[in-house]
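Student: Dumping the structure here so I can ask a few things about it.
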Amino acid sequence: MKKKLLAGAITLLSVATLAACSKGSEGADLISMKGDIITEHQFYEQVKNNPSAQQVLLNMTIQKVFEKQYGSELDDKEVDDTIAEEKKQYGENYQRVLSQAGMTLETRKAQIRTSKLVELAVKKVAEAELTDEAYKKAFDEYTPDVTAQIIRLNNEDKAKEVLEKAKAEGADFAQLAKDNSTDEKTKENGGEITFDSASTEVPEQVKKAAFALDVDGVSDVITATGTQAYSSQYYIVKLTKKTEKSSNIDDYKEKLKTVILTQKQNDSTFVQSIIGKELQAANIKVKDQAFQNIFTQYIGGGDSSSSSSTSNE
């Protein structure tokens with residue numbers, strides 16, 4: 001999924017809402033037994049220092065702040081479309097995946113909506129910063145479309161063996177891709193794929209190697225990070241077509257805009273700064289000492305601390 005599911009989110013959201021009845025009252029009884037009870041307040045006092053519970057309270061705050069500021073600009077269809085994509089990806093296992101993450105369909109929708117609201121806020125700020133300097137920097141770093149044939153393998157020794165065949169005179173690279181590549185999306189087409197420097201379908205190491213090749217050139221074995229943790233995949237690339245880069249920046253203006261905005265969305269420091277500004281503007285007051293530090297990753301010290309101060313009012 002594009003956004004990670006929060007494990008235990010349903011339970012923790014329920015826990016976080018107990019804060020409302022934690023002050024001045026034991027709240028309702030949650031558990032009764034022979035000779036004793038467990039109240040909402042007792043439960044709240046036990047869990048409020050749990051890092052997971054604190055993270056959920058932070059998420060709830062962000063959700064409310066961004067919903068108030070940007071909620072009217074987000075169409076529910078965007079959320080529904082994302083849910084539809086996830087259902088297509090996971091098929092009949094979708095409900096099980098949600099359940100394992102401690103979520104229902106409704107809580108997942110709420111999570112997606114919050115993510116999209118943050119994305120909307122980031123996009124607005126990023127668009128306001130689309131300066132000539134930003135465009136020039138993106139243009140200097142941009143490489144237009146190339147077409148290549150790619151063979152992906154999971155074993156380095158196998159990759160070296162295939163490379164030897166690929167560099168042999170008269171080698172049929174397309175057939176080698178069909179016979180050996182583990183990339184199901186491209187192998188049947190002889191490994192052919194078109195991409196530019198902004199594409200995400202191809203690892204950065206592979207793009208860099210491909211851009212350095214002449215047409216009909218074949219790379220050495222390229223090692224890239226695999227999809228599994230601490231794993232590697234091995235690529236062999238043959239460049240078949242190279243687009244000459246225009247010297248006129250206006251020819252790429254729309255593409256460069258997309259590149260810049262995507263970079264901003266992927267810049268965790270930039271995203272955190274936007275969230276921090278919105279939280280400060282909302283004049284957040286923390287009512288329980290246990291939660292006084294949950295906003296520090298977004299709101300630093302100095303003047304900003306007054307916007308997330310602890311209050312006993």
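Cβ from N, Cα, C; glycine included.
Owing to the predicted nature of the structure, the values given are computational and were not obtained by experimental measurement.
Take a look at what Swiss-Prot says about it:
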SIGNAL    1-20  signal peptide
LIPID     C21  S-diacylglycerol cysteine
LIPID     C21  N-palmitoyl cysteine
DOMAIN    143-241  domain 'PpiC'
Student: Summarise the model confidence on the domain 'PpiC' (143-241) as a single mean pLDDT, whole number.
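Tutor: Residues in the domain 'PpiC' (143-241) carry a mean pLDDT of 95 in this prediction.
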Student: Could you count the residues of the domain 'PpiC' (143-241) that DSSP puts in helix, in strand and in coil?
Tutor: 30 helix, 27 strand, 42 coil
